[in-house]
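As structure tokens, the structure follows; a few thoughts come after it.
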Amino acid sequence: MKIVLLGPPGAGKGTQAKSISNKYSIPHISTGDIFRKNISENTPLGIEAKGYIDNGQLVPDEVTINMVKDRLQQDDCKVGYLLDGFPRTVAQADALNNFLVDKNEQLDTALLIKVPNEFILERMTGRRVCPSCGASYHVKFNPPTNEGKCDLCGSEVIQRKDDTVETVKERLDVYQKETQPLIEFYGEKGLLSEVDGTKAINEVFRGICELLGNNK
């Protein structure tokens with residue numbers, strides 16, 4: 001089973017990706033992990049990517065695509081895989097499609113975890129973390145017993161910079177611009193599947209399993 005996972009920041013993609021990977025015995029392939037591995041191992045592609053990053057430039061599609069292609073040709077991908085963070089652009093989606101066509105293979109589905117912006121804002125901006133022990137809370141869904149204080153060590157909990165309203169809105173804007181064309185791309189190919197990401201984690205996963213069925 002070959003799956004592309006789509007969804008906004010804060011949609012719970014990481015949690016669901018792990019569950020999908022375990023249930024269907026396919027590797028969860030994160031673009032971030034691929035980049036880190038290539039850079040840490042000083043592969044030719046990693047060195048090239050690091051050069052762009054160090055200069056404050058975006059890594060070109062060609063480099064990213066080649067990294068992903070290399071990963072998809074490893075033995076553990078023979079039974080399928082779950083792609084998370086790739087493709088991000090229609091050009092990358094086209095490249096993935098061409099790669100699969102050349103191998104006489106095809107994508108099974110592009111799975112979109114749908115969550116409204118207002119829900120994401122509430123979920124992400126309400127997150128709090130203890131800077132001392134790392135415990136995490138949510139002002140609405142999982143508040144500390146003593147308001148503003150960590151239950152474990154008593155330190156004052158804080159909001160991370162990534163979770164401010166301004167930052168979350170910026171990330172959602174970027175996601176919308178990047179992903180809407182992808183949603184249309186996969187929709188036109190009849191490959192788009194959607195699941196309601198506002199439900200409880202186990203309910204979202206149940207919905208995903210219903211969409212994916214027992215295929216492997």
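Cβ coordinates are placed from backbone N, Cα and C, and glycine is handled just like the others.
Note that the structure is predicted; figures quoted are calculated from it, not measured.
Marked as ATP binding site by Swiss-Prot: Gly10, Ala11, Gly12, Lys13, Gly14, Thr15, Arg127, Ser136, Tyr137, Lys199. Taken from Swiss-Prot, the feature AMP binding site covers Thr31, Arg36, Gln57, Leu58, Val59, Gly85, Phe86, Pro87, Arg88, Gln92, Arg160, Arg171, and the record attributes it to sequence analysis. Summarising the annotation, Swiss-Prot assigns Zn(2+) binding site to Cys130, Cys133, Cys150, Cys153. Look at Swiss-Prot and you will find 30-59 tagged as region 'NMP'. The region 'LID' annotation in Swiss-Prot covers 126-163.
Projection of Swiss-Prot feature records onto the structure.
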residue: Gly10; record: ATP binding site; Cβ contacts under 8 Å, 6 or more apart: Val115, Ile120, Arg123, Met124, Val168
residue: Gly12; record: ATP binding site; Cβ contacts under 8 Å, 6 or more apart: Ile113, Gly197, Ile201, Val204
residue: Gln57; record: AMP binding site; Cβ contacts under 8 Å, 6 or more apart: none
residue: Arg88; record: AMP binding site; Cβ contacts under 8 Å, 6 or more apart: Thr31, Glu178, Thr179, Leu182
residue: Arg127; record: ATP binding site; Cβ contacts under 8 Å, 6 or more apart: Ser136, Tyr137, His138, Gln159, Arg160, Asp163
residue: Cys130; record: Zn(2+) binding site; Cβ contacts under 8 Å, 6 or more apart: Ser136, Tyr137, Cys150, Leu152, Cys153, Ser155, Val157, Ile158
residue: Cys133; record: Zn(2+) binding site; Cβ contacts under 8 Å, 6 or more apart: Cys150, Leu152, Cys153, Ser155
If you count Cβ atoms within 10 Å of the Cβ of Arg160 (AMP binding site), leaving out that atom itself, what do you get?
-> 13
May I ask you to report the DSSP-based helix, strand or coil state of Gly14 (ATP binding site)?
-> helix
By Cβ count within 10 Å, point out the most packed of the binding-site residues listed: Val59, Cys150, Cys153.
-> Cys150
Give the number of CB atoms, excluding that of Tyr137 (ATP binding site) itself, located within 10 Å of its CB.
-> 20
So, in DSSP terms, is Arg88 (AMP binding site) helix, strand, or coil?
-> coil
In this predicted model, what is the average pLDDT of the region 'NMP' (30-59)?
-> 93
Counting only residues 6+ apart in the same chain, whose Cβ is under 8 Å from the Cβ of Phe86 (AMP binding site)?
-> Val4, Ile29, Thr31, Thr64, Val68, Gln92, Leu96
Mapped DSSP class for Cys133 (Zn(2+) binding site), helix or strand or coil = coil
Same-chain residues at least 6 apart in sequence whose Cβ lies under 8 Å from Gly14 (ATP binding site) | Asp84
Over the span of the region 'LID' (126-163), count residues by DSSP class, listing helix, strand and coil in order.
-> 3 helix, 10 strand, 25 coil
Does DSSP give Val59 (AMP binding site) helix, strand or coil?
-> coil
Cβ-centroid neighbours of Zn(2+) site Cys130, Cys133, Cys150, Cys153, 8 Å, sequence order = Pro131, Ser132, Gly134, Ala135, Asp151, Leu152, Gly154, Ser155, Val157
If you draw a 10 Å sphere around the Cβ of Thr31 (AMP binding site), how many other Cβ atoms fall inside it, taking every protein chain shown into account?
-> 18
Return one of helix, strand or coil for Thr31 (AMP binding site), based on DSSP.
-> helix
